[in-house]
Amino acid sequence: MCEPSGSDDAMVHASEMVDGDEMIHGNEMVVHDSVMIDGNEMVQENVMVHGSGEMVQGSEMVHNNEIIQVNDMIQVNEMVNGDKMAHGHELVGVELTTPTASRRRRKKSVVWEHFTIEEMPGGVSRASCNLCKQTFAYSCGSKISGTSHLKRHITLASCPMLKNEDMKLSLPLATVTNNDGEGCAERVAKRHYRSTGYANAMFDQDRTCSNLAKMIILHDYPLHIVEQRGFTAFIGSLQPRFRVIDVDTIEGQVHSVYQKERENLMHVFSTVPGRISLTVRLWATSQTLGYISLAAQFIDTEWRVHRRMVNFMMVSSPHSENSLSEAISTSLSDWNMKDKLFTITLDNDPSSHDIYSANMINYLSNKKDNIMIKGQLFVVRCYAHILNTVAQDVIASVHSVIYHIRESIKFIKASSVHEDKFAEIALQLEIPSAKTLCLDVTTQWNTTYLMLLAALDYQQVFASLETCDGDYNEAPSTEDWKKVEAACSYLSLLYDSAHNIMAAPNPTSNIFFHEAWKLQSELSNAIAHEDPIFRSTAKIMHERFDKYWKDCNLVLAIAVVMDPRFKMKLVEFSYSKIHSVEAAKYVKVVDDAIHELYSEYATQGEANRDAHVTDNSAAVTPPNGDELLDFDIYLSEIATSQPSISELEQYLEEALMPRIQDFEILEWWKLNTIKFPTLSKMARDVLAIPMSMVSSGSSIFSATATGSQMLDDYRSSLRPETVEALFCAKDWLQYPPATTEAPSTALVKMEN
């Protein structure tokens with residue numbers, strides 16, 4: 001075997017490697033561990049293994065009973081199928097056997113791509129930096145110093161050669177493992193840097209500031225967090241090169257994020273095929289000023305529902321109908337949606353609903369907005385708001401009883417002795433209930449209902465406890481329990497209705513009619529209850545809910561007609577339960593309105609088709625001598641002489657779809673768009689009407705879920721433009737840029 005030329009280190013100069021083996025470019029120095037060449041050959045701490053050759057410590061290798069010095073230079077031009085051809089010399093591979101006991105550990109830490117181990121006298125090893133040649137302690141005998149200090153030398157730019165900013169490196173710390181690891185027989189590829197997006201990227205001050213602004217927006221952090229000492233110290237420990245910014249700078253970054261996301265949303269709105277409905281929420285402040293938030297809801301080309309906040313505007317008089325109308329008009333102009341508005345949903349007090357409706361219709365009509373069917377559907381009241389309002393009315397009617405029950409539960413929960421005594425009495429009286437007594441959260445009426453419901457089962461226990469414990473004197477009277485029973489009876493209707501709405505995976509407008517008509521029917525019957533206590537409670541609820549029903553039953557009914565499982569049949573059935581002999585009159589109102597609405601959509605469709613035909617008339621003119629021209633005239637005459645049936649009539653006359661559990665109404669309309677091209681446009685807009693202000697998946701029981709909300713003092717102190725940027729950008733950042741993609745089985749998260 002010819003002796004290769006020598007050098008200080010083992011170098012392989014490779015031009016080509018065939019059969020899946022690794023190519024090493026240029027004069028790449030192989031001086032560290034964990035490098036496999038040709039799938040068999042490995043250089044590890046000056047030990048070379050060929051094939052399955054035996055490893056020998058030091059710088060020698062036993063190869064077919066010959067000792068070969070490793071510190072030699074081998075020029076390799078070609079490697080074919082594992083056999084080697086040496087440039088100028090002949091190198092013959094010989095199959096060897098390797099005792100498994102002689103296998104050594106491979107080093108896995110990425111720092112070894114920057115350091116070389118040097119053997120020192122006395123069995124000491126030191127790690128030498130490949131760039132600055134500075135050495136560091138590594139091992140002394142069996143004691144190993146680890147790699148943390150080596151990693152700091154590179155990552156913190158302690159190396160003099162890394163002082164130049166262009167040469168600074170960032171090690172992928174997530175991949176750092178223990179210094180040593182067990183070796184394995186399989187082929188291991190040479191480690192190279194692979195960018196994962198940030199680990200090896202150069203530091204970018206502007207990008208970091210933008211991400212910091214997004215963090216502040218998404219998590220409601222104050223702008224002055226950038227000047228807080230703890231925050232600056234934390235950031236400095238993560239990235240010393242980050243230049244600390246002030247409040248004005250981060251505020252500018254927030255506005256930049258807002259503008260970029262607004263442009264993305266503008267693009268989304270330009271692709272919306274139908275109309276857009278708005279929700280309007282009032283925000284109060286500790287000052288005399290107020291804010292209103294506007295959110296747009298729509299269905300996209302793929303029949304998926306979306307809601308996006310569009311404005312958070314300061315108004316001088318938020319409860320003024322003129323201020324609301326002006327703000328809405330300004331928003332529509334800013335977003336180029338003046339011709340796309342369909343409905344507006346409010347959570348205002350019902351007593352002012354008519355005033356708001358009339359003012360908005362008149363104001364926006366004067367602005368020549370295209371309002372459908374003379375504004376009959378234009379202003380919608382929030383269903384969640386009416387549920388909360390009615391529930392609070394019921395709770396207020398039994399406020400004194402609730403106080404006694406709360407105090408009773410506090411007494412029982414005050415000590416384990418009281419709890420044991422209460423449980424003992426319940427056992428003696430053989431109370432079958434397994435409910436647990438617990439205090440309510442006063443701002444969430446559902447917890448009050450559940451508290452009353454549990455206490456109702458233990459009314460005898462409370463009475464017995466009062467007779468045997470002189471310290472307890474809060475037991476409600478028999479009449480009080482009667483009031484609680486009546487309150488729970490009717491609160492259960494509201495509770496179940498709210499749960500049904502929240503449980504809907506896709507709360508389109510059609511599902512609200514089912515809940516509303518059942519409540520209206522139950523309360524209408526309850527006001528004639530023979531028990532005066534039940535009758536009194538029902539009357540309180542009916543007065544409030546009946547006003548909502550009169551204001552919104554038309555839009556609710558039209559929405560359910562767009563459900564192919566019910567159509568007009570459910571309207572006819574429910575109205576017969578509510579209005580009895582006068583049902584036909586109210587059914588006709590719905591029927592007339594839905595035909596009028598369809599007629600407007602059909603007229604708009606014909607106008608668009610006429611314009612399209614005019615623009616393309618030259619392209620469709622038949623050539624001279626068309627033998628089927630007379631046939632076309634014949635078909636036209638037949639069509640005009642025979643009465644045609646509209647898409648709406650065809651839809652209503654067809655059989656109802658089965659009421660299956662997982663019926664997807666939006667998917668059904670998507671599949672039937674070709675069959676009902678005009679009616680599907682109408683269905684798209686109607687089903688997108690936001691009947692509730694509460695986000696999908698959120699609780700509607702909280703007092704803050706509906707009605708006016710309070711803006712905290714900090715945000716009230718900010719400039720109105722900054723407040724709007726913070727609120728809107730937080731909503732927009734939840735979604736991918738310039739897209740309306742969302743799961744088709746659930747309504748996307750709405751503005752909270």
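Just so you know, glycine gets a Cβ as well, placed from its N, Cα and C.
Quick look at what Swiss-Prot annotates:
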ZN_FING   106-166  zinc finger
BINDING   CYS129, CYS132, HIS153, CYS159  Zn(2+) binding site
REGION    647-733  region 'HATC (Hobo-Ac-Tam3) domain'
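With DSSP classes pooled into helix, strand and coil, the tally for the region 'HATC (Hobo-Ac-Tam3) domain' (647-733) is 43 helix, 3 strand, 41 coil.
Just so you know, of the binding-site residues CYS129, CYS132, CYS159, the Cβ with the fewest other Cβ atoms around it within 10 Å is the one at CYS132. The zinc finger (106-166) scores a mean pLDDT of 77 in the predicted structure. Other C-beta atoms found within 10 angstroms of the C-beta of HIS153 (Zn(2+) binding site) number 22, with every protein chain shown included.
A strand conformation is recorded for CYS129 (Zn(2+) binding site) in the three-state DSSP classification.
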